[in-house]
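Quick look at what TrEMBL lists:
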- Cys51, Cys87, Cys121: [4Fe-4S] cluster 1 binding site (BINDING)
- Cys197, Cys201, Cys204: [4Fe-4S] cluster 2 binding site (BINDING)
- 42-160: domain 'MTTase N-terminal' (DOMAIN)
- 183-412: domain 'Radical SAM core' (DOMAIN)
- 415-477: domain 'TRAM' (DOMAIN)
Amino acid sequence: MKIRPEWMLPDLEAARKRTKLPSPRIDSFIIPEEAKWIGRNKKYYISTYGCQANERDSETLAGILDALGFERSMEPDHVDVILINTCAIRQNATDKVLGEIGNFKRFYYENKNLVIGVCGCMSQEEGFVENLLSKYPQVRLIFGTHNIQNLPEMLYSVIHEGKRVVEIYSKEGEVYENLPVHRFGKFKAWVNIMYGCDKFCTYCIVPYTRGKQRSRTMEQILDEVRELKEQGYKEITLLGQNVNAYGKDIDPNINFATLLEECAKIGIPRIRFTTSHPWDFSDDMIDVIAKYDNVMPFVHLPLQSGDSEILRMMGRRYTRESYMELFYKIKERIPNVSVSTDIIVGFPNETDDQFENTIKVMEECKFDNAFTFIFSARPGTPAARMKDSIDMETKSKRLARLNKVWNAYALEKNKAYEGRIVEVLVDGTSKKDDHVYSGYTDTNKLVNFTGENIEPGQFVKVRIKTGKTFSLDGEAI
Ligand code: SAH
Ligand code: SF4
Ligand code: F3S
């Protein structure tokens, strides 16, 4: 058994480095002899925050824990291991996590053998580990996004050697293949196509917490998609912080449009992808989405701001005009497409006029859905170092106004569905009423509908009766 290295603390300076070296690829996963079966008769619980990349990482954590003999529990009480997979994207995300770690303290005082572990993007932030170690004695394991594959050794050290383990590498990262996976969905699956991000938008922590852009090979992705199809999966979502940059780091001859087309040909009924950056969104991509029925007519296209100067300061590499051009191209070429977006209000020194430019784009695009945020300064990022003249009250008012605007258009869009028949992939029944089912349309609209004898994972035709701001109501036909 390898002795756990001395504590390794996050280092944003090291995390910022990008070399032209190819990313190491590691194909094998081996559980050390000593760690085998350390989970026999033991249970684990995983709590996940943040984006789909984290959801998918939690499936890997679960896969490794299963391989060690642990059993998954859906509740945090009476388990032996709790892992909290954290997100650092905004301050309120990190506050929630600290609240949860605080709540779990009582389990630790009931059972001192309980292992509470913290991993994910917050672990990669400077200062976080010291804070956890000093204020949260219940946390006995802290590891980063590049250390997941070492979970067996780390757990062994905590459980059998009584150590408090901290292992965080701040580096560009590798591509790990063949790590075990316990998929949480039975008919919808996440498929990583790339890791990390090289865009370094000035407000964003992700390039520091996740390392450089590393694409998986086409063969490996397509093998995974074929396997998912054989296992009966109905929907896959291809994941990357910026899927349209797929492949550029490994081979100039491959790109996302080719990958998407090859996935479509495998014939899984529904394919989605996220996120596509407006920069380098190619015409070929639009053509593939339009051409294949199983590539869903839905594009999440983060705008962030409708003002070109703010976009420049954000380092987004597009202007309001080029965004609009792309937006209209997508709308014209993909029949019935729906488009959602992300917006940040209150970027440092955003003036009223600059904010109005965002409102104008929202009024023009009439997005189907929007995720709207107040700028949150992430320590270590360039935007966090900017002096900011705008107070929080102004930012909150802008957010409320923006939400009012997009909500009205979302309602208008959803009202247009009334009377239409849509195809829904059923997720399950509503928590409140088991005669009400829910699922999503191809355009990613949430539908709640009544019906009889319907199973999750089925495709059902639903007649829409009412369009609401965030969902559609209907009945199965
Ligand atoms: N890779 C994706 C974004 C992932 S983060 C992309 O570039 O489109 C998801 C969203 O969180 C971002 O689109 C942005 O709107 C928001 N976000 C990221 N950093 C933020 C910050 N520091 N403050 C507020 N919102 C932020
Ligand atoms: Fe963050 Fe920009 Fe990368 Fe998206 S593209 S993850 S916003 S740095
Ligand atoms: Fe959060 Fe990390 Fe994703 S910061 S949004 S979990 S990449």
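Cβ from N, Cα, C; glycine included.
By a simple count of nearby Cβ atoms, those within 10 Å, the most crowded of the binding-site residues Cys51, Cys121, Cys197, Cys204 is Cys121. Under 6 Å, Cβ to nearest atom of ligand 2: this is the test, and of the binding-site residues Cys51, Cys87, Cys121 it is passed by none. You'll find the Cα of Cys87 ([4Fe-4S] cluster 1 binding site) roughly 12 Å from the Cα of Cys204 ([4Fe-4S] cluster 2 binding site). The Cβ neighbour count for Cys201 ([4Fe-4S] cluster 2 binding site), using a 10 Å radius over every protein chain in view, is 21. A helical conformation is recorded for Cys121 ([4Fe-4S] cluster 1 binding site) in the three-state DSSP classification. A straight line from the CA of Cys201 ([4Fe-4S] cluster 2 binding site) to the CA of Cys121 ([4Fe-4S] cluster 1 binding site) spans 17 Å. One way to see the shell of the [4Fe-4S] cluster 2 site is to take the Cβ centroid of Cys197, Cys201, Cys204; the remaining same-chain residues with a Cβ within 8 Å of it are Lys199, Phe200, Tyr203, Ile205, Val206, Pro207, Gln241, Gly315. Only Cys204 of the binding-site residues listed as Cys87, Cys121, Cys204 bring a Cβ under 6 Å of any atom of ligand 1; the order follows the sequence.
With a cut-off of under 6 Å between the Cβ and any atom of ligand 3, the binding-site residues Cys197, Cys201, Cys204 reduce to an empty set.
Report note: the [4Fe-4S] cluster 1 site is defined by Cys51, Cys87, Cys121, and the residues of the same chain whose CB lies within 8 Å of the CB centroid of those residues, excluding them, are Tyr49, Gly50, Ala53, Asn54, Thr86, Ala88, Ile89, Ala93, Gly120, Val206, Thr209. Annotated pair Cys197 ([4Fe-4S] cluster 2 binding site) and Cys121 ([4Fe-4S] cluster 1 binding site), C-alpha to C-alpha distance, rounded: 13 Å. The average pLDDT computed for the domain 'TRAM' (415-477) is 95. A Cα-Cα distance of 12 Å separates Cys204 ([4Fe-4S] cluster 2 binding site) from Cys121 ([4Fe-4S] cluster 1 binding site).
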